[in-house]
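The signal peptide annotation in Swiss-Prot covers 1-22. Residues or ranges marked as N-linked glycosylation site by Swiss-Prot: 114, 126, 142, 173, 345, 783, 791, 867, 880, 907, 941. Summarising the annotation, Swiss-Prot assigns active site, nucleophile to 537 and lists sequence analysis as the type of evidence. Annotated active site per Swiss-Prot: 540, in sequence order, evidence recorded as similarity to another entry. Summarising the annotation, Swiss-Prot assigns active site, proton donor to 614.
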């Protein structure tokens, strides 16, 4: 019943919405030459059952120094007359240290093209991994002779090839054309003809590569010889031209270059990931003529909902509910088809990229968190942001001048609405020239920053990679030869906010250096002013007169790299260069940067937050924001939110209230509005809306200790902050379809925002166990072994929010104007026992703003409640605790403990005193000022330091 209701709601939602974005600007698969060709090829191969790719068994070699298996894949093109054509593709396969499997298929080095004046490399781009993988892997790669990556450290010399066995890798052949590799719990079978891989976890088949024989690599050929190089199942549609209206000038200097491969996820009919798309968390089936999912960073103002169209960011990472994942390491335009086969309990996927190489990392494990952990270990952990940046952000396009900013600042205080960041959009600049200030509006930025700093507040300004022609900054970019070039080698000029613009080439190392120098001058501030941060928008890149709202694919970057090859990592290169600049500038204070990017790729989580882009103030966009934020969270980039309460158009009061109630749970909590909308700072609202929004924002601040602990967990393991229910309860099949209700990390906080108008109640899904309504701590129990649905009251001023039994929440419950002013406040512990009377919770504390935590300057502890006793069990304290405590950690005391009550045998009652064990001594503490009601016990006036081990016996 739960699943049926969800499916009905999804059908109504996605069919009722009227599209806002102009669809005709973006290609459909049938209009994309390489997508159409590969779909046709797949359809024809499925009918003919032919296979043209095989492993040359004689080429297989295993270098014990590298622990990498090398081979050659042969593509045979049959000819009616003369000899068949054979094309060679070098293949490598190896294991990462976490037992993930990486394989690559490249094209044997191409002969230089005969085309005169070619300004790009004729070789396939094989360096996406250098942008996507974390530096620790890149550094390891650079210490070896392997051009891609050094995976295995143990070395062993043996006499016979088939006896090459190490503790990492065992290799054998069981038949003439089948080879077996094993690494811990993971094993791989390589089938030579037709080429195929089968990947096993603990001897269970989890993934089949090329099961459908969709492998297709459009090898290099000239237009004149093309006819002889086409397979019978192929079409020649748009191989050497692009007839799409908005990209018909693409010179396509290397002709067809696409790569494609199919992957079958066994034992699962649920797959997730490949953000960013405005659709359901569980990826849609795209068979039967539907559009594939597209990964291609573009500017989609008022994007369409319920479609597989591309958006601002791309993370080519997908996993199944059977805890198996693939990471398609390719930054080119990419399409992904998905087909669920419930009769065989498997999911078939088809990945198609315009060019580059096939570079895939396959991970397997016991559960989905392990898969996400492996992915973020490879691509880099999400950065630990300043605690201020997980507070509330107030933004609009635009705050007009310094007085406008300071008026917002003072009015927020006057109405007791906390906030930490205020933002300046495009109009703060002088004539839309980045790295400048509009002098009559912001005559003294240092003065403005100083005033904001008094209460610990921060300013974010917009700086985009497009630079107005003919001013100092763009002139230097041109003079230093670090502008992106057109296909003729001239500085590319396109249209964006300033009019005619050029684009900085941050793919270039020297371009990054020049970009950094601009920030060094722009952020030349007194040493004590470290509260200016940056927003990189429009970095897909967005080009108003460009094809599909973005860059022509035949633009040229440094080192003869074509835009076609690196499109989806351009935005990452921009924001990483910006992050490095800010980090360097603030290094004397050791301050952590905060940075927002609109475009992203795998690895962007290392340095930036993001948001869902230019949404609209209506209920459909509120509803879709939840699966969108969830999708990024499970794909390794958790620091994301959506513009509250819609960027474009004016929201109703009801929508504002409901959107703040949903936005409270976004990891990135920002209100933003278009320049043409009415002002909607929270203090301008009429009652009761103003009080509702104020209370929501205050609740976010009360929960900052728990939220910051979640961010720390994510920075260590990649664990989602907004967390799908199926990750916490994978045993229930129905939860794999739920994306309108979620947990906050592993805290036990379970929430379902109201996303439809006129609702005063909602249906929530609860697994077995006890749940406590957050505000009252009133409890109810699901005594069964299955999920139940329960009708929950949800008037406009109430969030459907529960604590799952077995968890402990840490809070600070005093109103302060910003997060900095909360540092000296004590903690409040909320204990929600499970049906056995137990509960556990974690707390992480550092200074919230510097990199001191990387030097061990933090406290990490776990609260354990059982047998009516609360224990504090520290897992880490700083070596120099006294100095660190005084200067950075500030107040580490627990002042109040709240224990939720229930009607079970483990329930407790308030006694005249409690016992405290600390430092080997036991004392009795009176509870005269404490109190009790039907739902909870509140114990006050405590002084329990989280940096010490102690027990409290109730």
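Note that Cβ sites are derived from N, Cα and C of the backbone, with glycine treated the same way.
Fair warning: this is a prediction, and the values are worked out from it, not measured in the lab.
Distances between the Cα of residue 345 (N-linked glycosylation site) and those of the recorded positions 537, 540, 791, 867 are shortest for 791. Taking the C-alpha atom of residue 907 (N-linked glycosylation site) as reference, the shortest distance to any of the recorded positions 126, 537, 614, 880, 941 belongs to 941. Residue 867 (N-linked glycosylation site) sits 53 Å from the residue listed as 'active site, nucleophile', counting Cα to Cα.
Of all the glycosylation sites in the list 126, 783, 880, 941, the shortest Cα-Cα distance to the residue listed as 'active site, proton donor' is found for 126. Close to residue 537 (active site, nucleophile), meaning Cα to Cα within 10 A, are none of the glycosylation sites out of 126, 783, 791, 880, 941. Non-local neighbourhood of residue 783 (N-linked glycosylation site): 768, each in the same chain, at least six residues away, with C-beta under 8 Å from its C-beta. Residue 941 (N-linked glycosylation site) and the residue listed as 'active site' are 54 Å apart (CA-CA, integer value). When Cα-Cα distances from residue 880 (N-linked glycosylation site) are compared across the glycosylation sites 126, 791, 941, the shortest belongs to 941. Separating the Cα atoms of residue 941 (N-linked glycosylation site) and residue 126 (N-linked glycosylation site) is a whole-number distance of 62 Å. In the three-state DSSP scheme, residue 791 (N-linked glycosylation site) is classed as strand.
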